[in-house]
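A.B. asks: The region 'Disordered' annotation in TrEMBL covers 296-328. The transmembrane segment annotation in TrEMBL covers 42-63, 75-97, 109-131, 143-163, 175-197, 209-229.
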Amino acid sequence: MTDKTPFIDVSDCDSLGVPTSSGNVLLLYHLGNLTRKSTANFILACLCIFYIGVNIVCLIINSMPEFREANDLTFHLLEFWATFMFTVVDIMALVYSPKSLGKIYANPTILKLVVFFNLVLAFIPAVLISIDLEMFELPSHEIEYANEITMAFVDLILLYSLIRTDSSMLPDMRTQLVLGLVALAVAVIQLSVYNLIDGPGGDIGETAAHFLEFVFEILSAAIVFWFTMDNKILCDQHIKMITHVPDSFTDPNETPEMHEDACRKSRIISALEKGERERGAWPVAHQAAASHSFTEGYGISPSKNTEQSVVPYKPPSLSSALEDAKRR
């Protein structure tokens with residue numbers, strides 16, 4: 001490697017810890033799985049940003065009553081199908097999370113059921129609106145706002161998994177009850193505004209309910225964005241731990257000498273570890289023979305009593321040297 005090409009590729013050094021032998025098939029699979037999850041979470045985070053943009057556009061259109069009435073079908077198709085697509089993103093965020101469902105929520109079965117109903121109840125009104133807006137606008141909004149219970153519950157679970165200080169601390173019964181009540185309150189407020197202000201489906205109530213809906217969806221997308229980016233960072237950290245690749249190895253601004261020194265240190269550490277294992281595996285008889293040969297080689301003639309009380313030779317430990325090499 002010349003000075004003209006200071007960029008270091010990870011594959012240039014065999015001592016980076018990257019598993020290459022057939023004995024590390026499971027590790028290779030785990031590494032590939034983490035890479036796929038990291039990429040998937042980045043894509044999902046980008047989709048969350050797009051969904052925030054869609055809801056901001058819907059907020060602007062909702063604040064213009066005449067324009068909304070003139071483009072009523074387009075507005076509602078954008079609203080319902082964007083909600084359905086975000087529900088899919090919400091589910092994919094759970095599927096591609098490096099954390100198991102058991103670490104996110106204490107009862108994974110309930111979480112799966114909530115996610116299932118969330119997807120179904122988001123798909124039905126979107127299809128109904130696509131078939132006939134005038135006929136199905138009122139029931140579609142009723143289903144959508146009722147579905148806010150499941151959506152809010154999932155979002156609160158994700159938010160709780162992000163803000164808790166202890167990753168092993170799962171929500172207890174009291175916390176689950178609070179999360180459920182908050183999710184129920186969100187749905188009740190939207191249904192009340194939509195049905196009680198100016199009658200079911202009235203212009204004033206629908207406009208106000210839409211404002212609440214779009215603000216809630218923006219907050220929901222922000223929570224899922226936070227969750228997916230946290231998952232991506234976690235996957236990247238695990239990948240770095242497996243491969244042991246320091247940033248200097250893949251930084252174009254670093255010099256080849258730093259890479260060569262790192263590789264040399266890694267080889268020294270590997271050799272020291274191998275020597276330590278081999279010396280520890282020496283049989284006692286071999287150690288005693290080595291000690292006897294050592295004394296004869298230097299012209300030392302131990303007495304008979306000395307030979308009987310020969311202390312078996314124990315090879316010097318390389319632990320201190322190994323630790324010094326690792327510290328460097």
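Glycine is treated like the rest: Cβ placed from N, Cα and C.
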A.B. asks: Contact between the transmembrane segment (175-197) and the transmembrane segment (42-63) is defined here as three or more C-beta pairs under 8 Å separated by at least 6 residues; is that satisfied?
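C.D. replies: Not in contact, no.
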A.B. asks: Is the count of Cβ pairs under 8 Å between the transmembrane segment (75-97) and the transmembrane segment (209-229), pairs 6 or more apart in sequence, 3 or more?
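C.D. replies: Yes, the transmembrane segment (75-97) contacts the transmembrane segment (209-229).
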